[in-house]
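Taking it in order: structure first as structure tokens, then the write-up.
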């Protein structure tokens, strides 16, 4: 019998994965998770193994009944999950360095989420995001995509416009703002009310 959500994390070898795992552990009471599968590409195999082992230690320390595994087989990982968390980076950090440095040569802001750098990243990223969505349409059309992949607004809009998969775009900036305001006024973050609409990047 299913005891919680099943989640696939595309880009599972990312250094952001432990933060994601921590979120699942912290909020287990509100949203129990039964299984997490980390997915990455062959070039990221060793990094994913290291991140997976750290994540498994975090789960073990929590004492929560969450299973975590990892794989290079994306399509099989997409079957029988409730949520797919996209946090992949096409081209790796070398591509990010180009996205952020080339605009600066011409007096523009170098950023991976907006402007010329964001557009370049979108051109690399959107085709892969849509490919993942197409695979989901075939093997698991009831799943949700939770998109963290930058440029979040462009990738999320492409998924909403060109796929039948239910998609939500996410960014941690609103939470960070809420926590900063709470700290400034020495109150609990839960006591800070916020309405945040859309994605800022």
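Cβ atoms here come from the backbone N, Cα and C positions, even for glycine.
As the structure is a computational prediction, the values presented were derived from the model and not from experiment.
TrEMBL annotations:
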- 96, 150: substrate binding site (BINDING)
- 171, 201: Mn(2+) binding site (BINDING)
- 112: site 'Increases basicity of active site Tyr' (SITE)
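Here the features listed in TrEMBL are placed on the structure.
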residue : record                                       : CB count, 10 Å
96      : substrate binding site                       : 17
112     : site 'Increases basicity of active site Tyr' : 21
150     : substrate binding site                       : 24
171     : Mn(2+) binding site                          : 19
201     : Mn(2+) binding site                          : 15
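Among the binding-site residues 96, 171, 201, the ones whose Cα is located within 10 Å of the Cα of residue 112 (site 'Increases basicity of active site Tyr') are 96, 201.
Residue 112 (site 'Increases basicity of active site Tyr') falls within neither a helix nor a strand when secondary structure is assigned with DSSP, and so counts as coil. In this structure the alpha carbons, written CA, of residue 201 (Mn(2+) binding site) and residue 150 (substrate binding site) are 8 Å apart. Counting in whole angstrom, residue 150 (substrate binding site) lies 9 from residue 171 (Mn(2+) binding site) by their C-alpha atoms.
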